[in-house]
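Structure first, then comments.
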Amino acid sequence: QVLLVFAKEDNQSNGFCWACEKAGFRCNIARTPESALECFLDKHHEIIIIDHRHSRYFDAEALCRSIRTTKPSENTVIIGVVRRHGDREESSILPLISAGFTRRYVENSNIMACYNELIQLEFGEVRAQFKLRACNSLFTALEKSQEAIEITSEDHVIQYVNPAFETVMGYQIGELIGKELTEVPINEKKADFLDTINSCIKIGKEWQGMYYAKKKNGDSIQQNVKIIPVIGQGGKIRHYVSISRLCNDNNKVSENEVTSLLYNIIFSTDIQTCRHKDRRKGSLDVRSTTSRGSDGSSQRRHSSMARIHSMTIEAPITKVINIINAAQESSPMPVAEALDRVLEILRTTELYSPQLGTKDEDPHTSDLVGGLMTDGLRRLSGNEYILSAKQTHQVAGSLISPISLNDIPPRITEAMENEEHWDFDIFELEAATHKRPLVYLGLKIFARFGICEFLNCSESILRSWLQVIEANYHSSNSYHNSTHSADVLHATAYFLSKERVKQTLDPIDEVAALIAATVHDVDHPGRTNSFLCNAGSELAILYNDTAVLESHHAALAFQLTTQDDKCNIFKSMERNEYRTLRQAIIDMVLATEMTKHFEHVNKFVNSINKPLAALEENGNNGDGESVKTVLTSPENRILIKRMLIKCADISNPCRPLEQCIEWAGRISEEYFAQTDEEKRQGLPVVMPVFDRNTCSIPKSQISFIDYFITDMFDAWDAFADLPNLMQHLDNNFKYWKGLDERKLRSLRPPPE
């Protein structure tokens, strides 16, 4: 609603009247200050426009001050219409601001000028005031909360505490506001614990755990504390919110509290304990606390937790936590606190992920980790990225059958001559096949491995299947297209030919690996999982924001294969064998999801690399029964297949330099396009460094190799013996380092 205060009707007042009508705003007109005040108190308008041009009729500033003294005006936008000065010197706006005006409007009776002003107000100041109005409700909730709540700035300066915090800690709010948390004495024995908390929350992770704090009177109390970083302007942490409650029975943890804590430990998915080099302001004192022990719903919840805890179905992690809690009962305080830290580490589901150290300080690494290893910033958005659910996919009947393997054109045959070697040039085949390398390379590799014989299908069915799969890769993607699929298929076939791998895997494993490599990115939209989750895409909704693309690739591959007998390579398989093969393919495709990267690598190292190394150290020459047991156990075969396809999927940095450079350019372009679209749609930018105007491609490659590639390929090389790949990796890393040291941001150095 808009209130116009004009003593007389003129072009300006008419302009705003017509503009209100055009904008669909309800409008009231007042001719005197008295009627204006009365009308405002009755209607509570969002916008008031006061004529400040004619002081002989009424004092506009006095009227504004009168309105501002009323409670309803707290969230009202007040505009002063002032004269156009012409050539005279511009006057100061400060008197208007002091009187309570939000801004001024230099007279202009043009209807579109008035309309534009109203629309700007609606989407600017008025919308901001709506948010502020909502804040009153939020602060009312905080004030009435039984949990102690403390809000600090990014530098840990206290900005707010609620009454529950004052009651529990014994402080008055005036004693805390503006104080730094570091001013409170810290027990030296807990310094490393506090560093752990700091290093976690400063990289945007929530922290939750048990903590001892001192009240104003010096008493020590034990708290269950949760600290939440709040992202603000510039995508940086601007505040920390601390929510806490007291533990029961004179600062000892009650059985129900322990049960609740265990439940949180076992089932928590959003708490990670991390390490980080930057420790601004020393350490953080977490002092906010309260108790809900008297709350009926809380007691019922604890009772439910107790019943869950008493169930006989116990996971291994539950048993570990129970043992630790039992040990704490009879342990001295230093040991109990150390065990608290152990429990904090066990809270995370990312037990196999490294604790981020100095690498994480590099924004390129940080963005790669954020973009590839998360499922996006959850938010409700009107922007929806529609993908696949309503998309028409290519099927066998709509495609022309390719020629036989025996009739492949000479240029294509020549391009595939050295496909058994690692230095095979996939881009030469891409050019020879007019961006259809997957069909031809697939026919040759599948023939070499006898896939048709294993599946008991004809070559024509295999040809049709390969064509259907390739047709459902997006040729418009710069990176995730059928050339990438063919490249991963080639790497997979190369790894399968290595002696150690051949000793380990059965024929069905080889078939699963080659099929999984072929389909692992089918129908990829050229956007990351984080993008799809942030955009609220239909796929993200379908797969609950979890492994969205990988789930889609696997599901669509089987849909395309089984919907038409002309391309159903599985139709002659026995049911149980098909189920085994299907599960293996799905497992390998899902293994390409990067959020589980470190879990797969660390399991491989601990279950395969280390036992094999130990056997070799004990004098075993590599072909004994013990080695065979390590290699061929079902669990380890799964780990090997996962590692194989993961290495094949991101092997670009281990290719010859020219291929490595080409792949780096293609993936960078795809990330640039995603950043462009995120900005257009107003979505969170998940990888800000991939801005085509500012990105350093050498830095991004260095970070990717450092963080994801080196350790993984060291482990894979130790298993499969790949000296040529490791030499390429070393050469390529030196190439990117050289460009970076010259401060170059491009793929190649400038010509001499």
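Cβ from N, Cα, C; glycine included.
What TrEMBL says about this protein:
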- 134-204: domain 'PAS' (DOMAIN)
- 278-306: region 'Disordered' (REGION)
- 404-743: domain 'PDEase' (DOMAIN)
- His480, Asn481, Ser482, Thr483, His484, Asp521, Asp649, Gln701: AMP binding site (BINDING)
- His484, His520, Asp521, Asp649: Zn(2+) 1 binding site (BINDING)
- Asp521: Zn(2+) 2 binding site (BINDING)
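Of all the binding-site residues listed here (Asn481, Ser482, Thr483, Gln701), it is Asn481 whose C-beta has the fewest other C-beta atoms within 10 angstroms. For the binding-site residues His480, His484, His520, counting C-beta atoms within 10 A of each C-beta gives the highest total at His520.
Within the set His480, Asn481, Ser482, Thr483, His484, Asp521, Asp649, Gln701 that the record links to AMP, no two Cα atoms are more than 22 Å apart, and one pair reaches that distance.
Between the CA atoms of Thr483 (AMP binding site) and His520 (Zn(2+) 1 binding site) there is a gap of 12 Å. The Cβ of Asp649 (AMP binding site) lies under 8 Å from the Cβ of Val488, His520, Thr592, each on the same chain and at least six residues away in sequence. Shown for the domain 'PAS' (134-204): DSSP residue counts in helix, strand and coil, namely 39 helix, 12 strand, 20 coil.
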